[in-house]
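Taken straight from TrEMBL:
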- B:6-22: transmembrane segment (TRANSMEM)
- B:46-63: transmembrane segment (TRANSMEM)
- B:83-104: transmembrane segment (TRANSMEM)
- B:116-138: transmembrane segment (TRANSMEM)
- B:208-226: transmembrane segment (TRANSMEM)
- B:232-250: transmembrane segment (TRANSMEM)
- B:317-340: transmembrane segment (TRANSMEM)
- B:373-393: transmembrane segment (TRANSMEM)
- B:431-449: transmembrane segment (TRANSMEM)
- B:469-488: transmembrane segment (TRANSMEM)
């Protein structure tokens, strides 16, 4: 017996580096994990916390869904709980977690790309460090995987691999650790976490990327594997049990997509089954295709696409999104999108009917053209500075842009010799350096949060009398 | 279930723990269950083949034993034994042929016919090569042969015999054990022995080091180059070929080392499979050191029955060629393996033909045959020839192999050597780890070459005799190197495919 104990102690001692690494991987995951995991942890924390605030609308889906729904545009009472790479399988547990800790929402939006009815990229073998699901949930998944003989989850040694991941065995984490050497992942994760919180669960790394392709993608069938169908049905049944209205919304695809008639029929046939079989289930696929510029890749919308999609959705479901007021939180999230925006047209769409005071400087005698091209289509009204404060410097060339029914924030403008200074009690003094080129310069103030969002300049070509697409 | 998989990491401690917990009487049954489970983890239905091979060779042993003791006339006994051994060979080799060579044979026939202008559409058989089939069939056949030659008595206990054929540490990639060694040991189930377990576990750790730190890193560079041979020149091809020699050695030796270690934990001694093969001073010497369990199998059950060197020089060379042809074919159903085997046969014949001349040359030049420089030269020359043969073994086709050999002769552009080197798939960190690993292997090999030849893992034993601080510093360095290699591992052992 003594020898057995001695042997065990020696084994533990010889393998001490392994135990040390396992403890490190368990306790310090934010130091080596990729910033993508910030989202998964946020999702886990959010669903497993009881919130003071009641969320009426919950969005579930995959990354295409996560990229498309902008809660800050749709409703202050919406949260986007979709996870990048996840399928119908994982999202069932996301909803289960949320309902276990929070009052049931009134409406759930379900949006998946077809691919996530046949494979997943969010299970523990792909995103091991996240530990998004607990052991019971994972074992239940493994049980159902075996039951439905699903090959997208299962493979040789699946259970052993899961246990290795669950107990932080180094083989599952060492790649992330090696890649993290020399990077400050903690800071990146913190930033990612804050962004996700700001955008109500929408993970915004795709930002302003634009999809470029010369290839068409043909959709000729909608393959649904039994395991994925089982969990999709289970999700809907969970909603029905909790008196939650379900809105299945199929996200649009870029215009390089070709859908065969059979495919469209299959999609309708599949989703209509749920509409016909369960109460309070709707299916919407009104916008099938959108401009590829609104996408970051073949399925994910960029910020502009998300704005367009969310605006359309809000109009489509105006019965359930009656509120038109933009809360401070929503405005902060839109501010962030405006800061990222680099296309003049979309910039105006983000400003739209929201409560902003936009100071506009006409540096190229092009204000008429600008109004016609950019501000009028989104309903922004412009007022000459001369009407507000005729003594303001450059008053002849200064304008204030406002949405109808909005009032401008109180401010004064001074000239310090090199640039204008916009002053406000809350904003403080903000320098506005006017470009020397022929352009329109915008100084954007968030009235609700009383903060400067940013300064955006749009070049005007005097020869052909057009504006550049991109801001500078 | 690979030795380097998480499954095995769970399976092995459970198997060992329960093995020692169970009473002696049922330990072999438990090991048999473990071995079958181990095999079935790959594909449950192919267990039928393992059982079939076991039953056929077990019955053949019993029949031959019965014939010996039946009191029949000697001629009749010989006749029965001949028929029995032939039946056992036909059935086992038939299985091996069907599952491993049928499509290759069909394809070859089609090609030969096409050469003669006869268009034949050969059927394609939908078969998967069962893992380890070449190993366990050869092991089972060695038993049949040993009983046939009256070297052992037939095993009466079916379960013990089944365990001999399926013993999980060496089931899928050897060493191909002999009944005289393993079957004898299985008669008395292993006892818990502190020293055995300790030594077994350390041996396993050394095996993992070889596989994960060296072999899998070499694989990255070798695969990069060999999957696009026309894209690389000069030193890149030479480096890839040298690293393949290192890869296959460490990969295969690691499997054997882990198998030997695992068996030792359970209280059994498996035969040595490698003995410093790259320290060989001739091709003949190389084959005494490389994959010893297979080369000795081929020697005992093929080369010697063919007549060995007893029937004249021409017949000896013929026997050598047949043996090496079979050795090549055993490795895989492809011309590259056959070419590799035949090349080694040719090497051996040339070596044999030249031996009197080289001996005379040494005599005339009065060079001491024990001269150290001469010894090193012999090692280097042997390695070069062995490595040239490895090119055929690794290349995706014989054409690719010749491209590698031809393009290896181009000189490198020294101006771009730094850039080109890092474009081969290994970054600086991994290249550094590989170099450290190789250095450790070299030190271990030199220690063994100069030390006690009976001690198979001299480095491990040497470390275990150091003081606590040095010992654990070395253990932990080894562990950390293994852990930091986990991101590039997970590759199958090369010999799994044979």
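Glycine too: its Cβ is placed from the backbone N, Cα and C atoms.
With Cβ pairs under 8 Å as the measure, the transmembrane segment (B:46-63) is packed most heavily against B:83-104, out of B:83-104, B:116-138, B:373-393, B:431-449.
With respect to Cβ pairs under 8 Å, the transmembrane segment (B:373-393) is most closely packed against B:317-340, considering the stretches B:83-104, B:116-138, B:317-340, B:431-449. Of the ranges B:208-226, B:317-340, B:431-449, the one with the most Cβ pairs under 8 Å to the transmembrane segment (B:232-250) is B:208-226. Sequence-distant contacts of the transmembrane segment (B:431-449), counting only residues of its own chain at least 6 positions beyond either end whose CB sits under 8 Å from a CB of the stretch, comprise 209-210, 213-214, 217-218, 246, 250, 276, 278-279, 421, 455, 458-459, 462, 481, 484-485.
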